[in-house]
Structures are given as C-alpha cells and as structure tokens.
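Below: one structure, written as structure tokens.
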Amino acid sequence: MHRGKCQLILLLVNIMSDIKELDSIKKIIHLPYITISSLPYSLSNKINTSLKRIANMEETNKESTKDEIKYRGIRAMPFVIGNETFEKLGTIGSSSNLLVYLTSIFHLKSITATNIVNIFNGTCNFGTLLGAFLSDTYFGRYNILGFASVCSFLGMLVLTLTAAVSKFHPPECGNQETAPVCVGPTAGQMTFLLGGFGLLVIGASGIRPCSLAFGADQFDPNTESGRRGVMSFFNWYYFTRTFAVMVSLTVIVYVQSNISWSLGLAIPTITMFLSCALFFVGTKIYVRFVPKGSPLSSVAQVLVAAFKKRHLQLPEQPCFSLFNYVPSNSLNSMLPYTNQFRFLSKAAVKTPEDHINSSDGSAVDPWRLCSIQQVEEVKCLLRVIPIWVAGTIYYVSVVQSQNYVIFQALQSDNQLGHINFHIPPASFIVISMLSITIWLPIYDRVLLPWLRKFTGKEDGITLLQKMGIGIFLSIATMILSGIVEDKRRTLAMTRPMLQMTQGKGAISSMSGLWLIPQMALAGLSEAFTLISENEFFYKQCPENMRSIAASFFFVGMAGSSYLSSFLTSVVHKTSSWLAEDLNKGKLDSFYYLIAGLEILNLGYFLVCAKWYKYKGRAGDNKVSERTDQNEIVI
C-alpha cells in the first residue's frame, strides 16, 4: 500500500507546483482532510481529477491483494536446482569433448573442428541476448525455459544418433573396404550434425539467461527471509552447477574417450530428459511473472525524449518538479531520484507541448515525455556497464589459465606417487571446480553469518567488494602461475625426464601436482567474482529486465574469449613467449603480462565501484533526503 501513498504525495506535489513555498506543500500533505471548496477553481479541478486517479489506483491495489503472489522459496528449489544440475550434466557432457568427437569420429581437420566449436560456443553465448529479450518482452521465463529445455534434449538426441547410427557418421578409418583411408562426412551427415548443434544453440540461448533469474524469482524480495534466500540460492546454485561440470569433465568424458561415444553421448541425453521432467513437475508451485511489454522500448523512449529536450534546463528540485508516473501493474520497484546522468532527467521535464491522459495520468506521447521512474531505470542500466567491462577483462585471466595449464601439465611429471597412474592433463582444470565446490558451503554456512555480525549488513560484504576480492585473487593466480612455470622450465632445461612429449619437447622433472595451487586459487577467484557478478546484474537491473541482465554475463564471457584470442595472437606474433615447446618460450612472462592487465583492471574497477550507486527503493511512508549521496528518496 505504500506505493499508493507515495503516488498521493507526488500527485499533490505536482498539483501544487504553482505554490512557491515548499512549506505550503508540507502543510497540505499533513492535513487530515482537504477543503477543496476553499481553493481556486482551476486548482480544485486539478485536485478532483487527481483524487479520482488515486481512487482508481487504490481500487487496483485492493484487487491485486486478492490475488497476492505466493512465493514458495525453498519448496521450489529442488525442481529449479535439480533442473539446472541435470541440464549442466547434459550440456557440458555433450559439448566439452566436441573437438575430439569431430576430429576422431567425423574426421574433420583440426582447424575446421576448432572453428566449428568456436562458432558454436560464441553463438550460444551471444544468443542469450535474444533469449533474454524474448523472455522479458513476450513469453516470460517459464515458457522460454520449458521450450529451451526441450530443444536441448532434442539436440543431444541428434548428437547421440550421429554416434550410434552408422549412417549418420563417416566410416572408421581403414576398417572397411569402402574406406581404406579416412573419409570425411557427406553433406547429409554434416547437415544432420549441424541441425543438432542448432537445437543446442536454441536451448542454451534460452536456458542460460533465464535459469538463474527464474530461480531467484521464487523468493519474496520484500522480506528479510526472501532476500537471504536469494543470496543462499545463488551460492547453492553455483555449488551444484560446479559439481555437475566436474562430473561431466571426468566421468562422462572418460566414458566417451575410453568406452563408447554412443554411451558417452547417451548419458547426457538421459540427464537432459530428467532435467525437463523435473522442471515441468514443479510447474504448479512456480512463481511466474507475466511480461508487460518490451523493456527496451522504455529505454529507447527515454533516450529519444532526453535528446529532444537536451536544450532545456532542469528545475532546482527535480524530484518534486519532474513528471512522475508509475503504472499500477508495474513489475518494477519505485526508484529514488539520483543526480547521476542528469542529461537523461530532461526526458521527464514537462513543457506546454506535453499532454497527460486524464484517465490514468500517463503521458500522451511517451516518446516526448517520460516519467522519473523510466529515467531511473535507464540510469540503472548505464551504471552497470562499467562494472560489466571490468568483469569482461577479469575473465581473460580465467580463460588463459585454463588454456595453458593443460600445456604445462603435458610437459610436467604427472605420475601420481609410486603407482603407475598418470593424471590426464585436462583433469587439472577440475581443481578449480573442486575449489569452488569446497569454498561455497564454507562461505555460506560459516563465513557469511560471521560477516553479518561483524559488518551489521545483511549481505556481509557488498557485491562489489566480493568482485574486487575476486579480481585481486586473479592477480595472485597469474603471479603464482608465472613462478611455477619458471620453476618447471628451469627443471626441464637442467634435469629433464627421459621421455619427450610428442611434437613439443622435454618433460620437466617437476611434479604436475605443483599446478594444483594455482588452479585452486583460480577457482577461489571465480567463486568470489562469478557469483557476485551474476547476483549484481540480477539485483541492480530493473525487475522487468532480469533475463537481459543475466545475459550480460554470457556476453561478457564471449567478449573475454575473443579478447583472449586477440591477446594471444598479438603476443605470438611479436615475441617468442608462446612457443609450441614451452621450454623454448617464456610462458611465465605471458602470465606476468596478464597479471599487469588485471592490476590495471583492478584500478579501473575500484574507480567504478567508488562512483557506483546501488539501486535504491523509494521510502515506505515519507519523504526523506539522503544527503550523503545527494539523492531524494520518496
């Protein structure tokens, strides 16, 4: 009901805009009743119209309370997290070994296979923007998730058929009279395979931006228990997600490489079917928000209106003078006026050419006059962009550490103790996943309650503080990686092992176990940054754009991949640091270069964090002024 009271205050303030003294406004607001007959006719006419508008709002509020949203919170989590766990088992299990599958089963050249995988991964990440837009504008998160889950299942089924049915893949090399040498796929076989990839892209484009936001929607953001539930959900979401990725990179990849591709691809298909089943079983208890039109249209309206009125001057007290209108069925919380991006506030300046609908108080031409609420929502989006840039640069260190630790492991002693078992080089990536899996429950159950008591804040420490810690840990990771690589190369040159790595060079006598600390630290860095960044986008963007906000992370990941490729190409062409044989290069210098980049990124991030203003909520009952941030809260 507090929104109706705030609307009453704002409407009366707009009506009394001709009164010069603010005290007169305050007196009217605090009167138990208003004697309209004692006011001039023009003013009383405005008040009568406004009171009718308020009565309509109150009636709408009464109707909405009858159909109050029932948040199930924890009760919905087994279905949401179960769906995500099985979905990750399926998608990661199917896609993590694609490079090997394309070269060994479809006999594609390595460069062709690499391009296909890169295009597939990039399209999946960039496709999240389209999936998020359709979710927030037309269909809602539930419908997009359901459709995308089915598409992912069908895509995995197609991949399984390409391995299980001989007609859908080329014959084995030299095992048939018709194929004495390796024969590539036919046009029909490639079309069938790419059709499966297309279904997987559609699935990823819908699941990735909507899954996390849909789970967080199940908690009531207006209660303390609901806000804490969201925070715990983010932690446990990534805990189960990381666990699923670990299983995919170990068990499923082992089955694919050493037992059978048909069985190895059938397992992810079955888990994806279970994911779909779990998702639809929980349908009756989900909270499902209905989209209220395109949120991007509102953004465009603010930009156009601000440009049209760029020559106007803002009033001295914008909060009381600018046009304010919030639809009664709006999903978004009321936002306080902020002084950042003041040029956008001109979109809410009322001029004689602007007209208002008498029925509901909205602007007749929304491309010329926008409300303070619309303007503040656009400001929320603009404020997160600098933080998004810092996150994109941060993930360069993650991408490079995961790429080159495999090459380091290939030229290290990977024998485990005195037993005849060698750790597969790709398995070292799992260490970072294991680090996340161990850290998240400790943080959620042990450290977070202590931080709440120590800081007096519900979140313990802020999201930006968590991201800053993660970036700092990425610097430490790169420095540690450089130190370990210098030691590995020195031992390879002075005390190499007898065997050689095919096509690369001597194997260092340094144990591959020395690579574990840098990967564990990398995982700890991700635990701080990855989770807080997603939670940051979810909480700081307007409620009707949360799927689009979730896609920011994946678009940033795609940008990090391209930036990493560009950086690698430049360093390779201008120096000998990244030689095919690591013993002849200087990979440690490359690690130090990335550490330097992350130091600059940390400085940039600290400036952005200092400047950033967290999204606020309008006050419940009265007008108050936050002088520390120069914001007026209503």
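Each residue, glycine too, has its Cβ placed from N, Cα and C.
Range 548-570 is the one annotated as transmembrane segment, of 111-133, 548-570 (source: TrEMBL). Looking at 186-207, 362-383, 516-537, the range tied to transmembrane segment in TrEMBL is 186-207. Contacts between the transmembrane segment (261-282) and the transmembrane segment (548-570): absent, as fewer than 3 C-beta pairs lie under 8 angstroms at sequence separation of six or more. Using the rule of three or more Cβ pairs under 8 Å, pairs at least 6 apart in sequence, the transmembrane segment (463-484) is in contact with the transmembrane segment (590-612). Listed as Cβ neighbours of the transmembrane segment (236-255) (distance under 8 Å, sequence separation of 6 or more from its ends, same chain) are residues 77, 81, 84-86, 88-89, 92-93, 96-97, 212, 215, 263-264, 267-268, 426-427, 429-430, 433-434, 436-437, 440-441, 444, 527, 530-531.
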